[in-house]
Amino acid sequence: MQHPTETVINLCGLNHQTSVLKLARSCLSPFRMPGSLPAVCEAAWPKDVGIMAVEVYVPSQYVEQAELEEFDGVGAGKYTVGLGQARMGFCSDREDISSLCLTVVQRLMEHSGLSYQSVGRLEVGTETIIDKSKSTKTVLMQLFEESGNTDVDGVDTTNACYGGTAALFNAVNWVESSSWDGRYALVVAGDIAVYATGGARPTGGAGAVAMLVGPNAPLAFERGLRGTHMRHAYDFYKPDMVSEYPVVDGKLSIQCYLSALDRCYSIYRNKIHAQWQREGLDKRCSLADFGFMVFHSPYCKLVQKSLARLMLNDFLCHPSPDTESGPFSGLEAFRDVKIEDTYFDRDVEKAFMKASSEAFENKTKASLLISNQNGNMYTPSVYGCLASVLAQHTPQQLAGQRIGVFSYGSGFAATLYSIKVTQDATPGSSLDKLVSSLCDLQARLDSRKKVSPDVFAQNMKLREETHHLANYIPQGSVEELFPGTWYLTRVDEKHRRQYARRSVSDDRPLEAGLLTSSNAAEVCFSNWYLFHMILMYFHNN
């Protein structure tokens with residue numbers, strides 16, 4: 001009589017010689033985790049907890065920054081060269097923070113083929129507030145209704161552009177804690193960044209990023225390597241509860257950002273140096289230890305200055321830098337500068353941007369794809385930069401690399417941490433799947449509709465006039481939205497918001513080769529059954 005496990009193996013089309021242990025591991029590979037933690041795994045510390053999947057959503061319309069320069073009557077190059085921005089995405093009144101998050105979460109679940117029952121934590125990081133009490137996360141629970149899964153931890157996390165990072169840390173900590181039940185965590189960072197008419201308006205943007213968090217991830221958080229710096233400052237804040245617009249002190253905001261970067265980098269280097277000492281390594285941490293560096297990007301030029309800033313830190317902390325050759329060549333005149341005196345020192349900035357130009361090209365430039373083409377998304381900004389790196393490199397180029405991530409939110413809160421990319425870049429690996437899911441990122445950006453600055457300004461005026469109105473039906477065109485996009489249908493007299501989803505039928509080319517929701521359910525059930533048959537084998541033998 002054939003053993004039940006052999007029956008399962010035969011049904012799956014596997015060879016009789018297949019190792020049962022290898023089969024068990026495959027059941028726990030990305031996107032095949034059962035809905036609860038098996039008893040045999042309860043005592044195990046989850047390894048390589050991190051990001052398993054990423055989905056990005058940007059609005060379907062944008063305005064050219066060069067045309068906006070002319071429309072605003074400013075000098076040519078002010079936005080395109082001075083800020084480093086090419087295009088800016090924006091939302092009509094048909095989209096709000098809840099619709100952005102509904103769209104990106106459903107797309108991630110559909111593209112990964114996951115059941116909603118496999119998610120045990122869902123947290124939203126955002127500063128786009130449409131209700132002072134009800135969280136955006138609770139709106140997203142509508143997506144879980146059909147599955148019957150209401151056992152989902154997490155709510156919203158808010159602190160300017162840092163909320164998405166705080167939500168991501170909470171998700172990682174949950175998976176590594178006694179609260180973890182074996183399911184995935186899902187993190188959503190989303191915002192609509194809009195400014196009043198004036199110099200700050202071209203630094204706007206909009207979008208959302210969803211990230212799936214779990215063990216054995218292709219992008220694993222390096223445990224213990226996190227430098228955080230938090231202080232009180234009024235550099236950017238939103239005190240007017242009836243307006244989407246912030247109050248911004250531009251100069252103070254740049255100073256806070258750069259000072260936070262200095263401090264976080266110093267703390268991170270101290271921690272990794274201590275870790276290396278425990279491992280018997282005598283080396284100094286520098287930019288050379290990062291394959292890639294991504295930053296929160298209010299605008300692209302600040303990111304380029306930030307990488308130069310890290311080189312400045314390396315230079316000033318080095319006991320005897322070589323100023324005759326190498327990256328520090330010709331910088332001896334800056335040996336005695338005080339770091340806190342250099343935030344607006346043009347000579348220092350120019351010298352170190354030049355010295356770090358090669359490092360910027362190799363480590364950071366690719367991360368600015370979404371930022372340059374879509375603008376500042378606030379909480380998703382740094383994760384849009386991470387997605388941009390993944391989208392423009394092969395699994396082989398990414399494998400084994402350390403990615404430095406600097407997240408900043410005004411007010412202010414900042415962290416520099418690192419992610420280690422798995423060494424496994426083989427076809428079909430978790431890294432290969434992650435990279436493949438983002439390979440059409442440029443095509444998505446190119447598929448948007450360009451509108452004139454006048455149409456953009458009209459949309460901003462409409463949002464300003466109708467923000468937080470009750471008994472309101474949005475005026476924006478649904479046909480302008482991407483297929484599969486959630487949108488606002490009306491706000492009733494009690495401010496209750498109703499949403500609908502545009503048909504996905506026109507979106508099939510982008511989803512080629514990906515599982516549909518119905519197929520996903522079948523896969524989840526078959527994997528669950530297979531896994532438990534294997535557990536029975538272990539128990540009986």
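Glycine is treated like the rest: Cβ placed from N, Cα and C.
Note that TrEMBL annotation is computational and uncurated.
In TrEMBL this protein carries:
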{"type": "ACT_SITE", "residues": "Glu127", "note": "active site, proton donor/acceptor"}
{"type": "ACT_SITE", "residues": "Cys161", "note": "active site, acyl-thioester intermediate"}
{"type": "ACT_SITE", "residues": "His296", "note": "active site, proton donor/acceptor"}
{"type": "BINDING", "residues": "Ser253, Lys301, Lys305", "note": "CoA binding site"}
{"type": "DOMAIN", "residues": "45-218", "note": "domain 'Hydroxymethylglutaryl-coenzyme A synthase N-terminal'"}
{"type": "DOMAIN", "residues": "220-502", "note": "domain 'Hydroxymethylglutaryl-coenzyme A synthase C-terminal'"}
Euclidean distance between Cα atoms of Cys161 (active site, acyl-thioester intermediate) and Lys301 (CoA binding site), Å: 18
Site of maximum Cβ density within 10 Å, from recorded positions His296, Lys301: His296
Distance from the residue listed as 'active site, acyl-thioester intermediate' back to Ser253 (CoA binding site), taken between C-alpha atoms, in Å: 12
Cβ-based neighbourhood (8 Å from the centroid) of the CoA site, residues Ser253, Lys301, Lys305 excluded: Ile254, Tyr257, Leu258, Pro298, Tyr299, Leu302, Val303, Ser306
Which same-chain residues, if any, lie at least 6 apart from Glu127 (active site, proton donor/acceptor) yet have Cβ under 8 Å of it: Thr158, Asn159, Ala160, Cys161, Gly163, Asp191, Lys238, Tyr378, Thr379, Gly409
Most distant Cα pair in Å, residues Ser253, Lys301, Lys305 binding CoA: 14
Local Cβ density at Ser253 (CoA binding site) - other Cβ atoms counted within 10 Å: 20
Cα-Cα distance linking Lys305 (CoA binding site) and His296 (active site, proton donor/acceptor), given in Å to the nearest integer: 12
Candidates Cys161, Lys305: member of the recorded positions with the richest Cβ shell (10 Å): Cys161
Average model confidence [pLDDT] within the domain 'Hydroxymethylglutaryl-coenzyme A synthase N-terminal' (45-218): 97
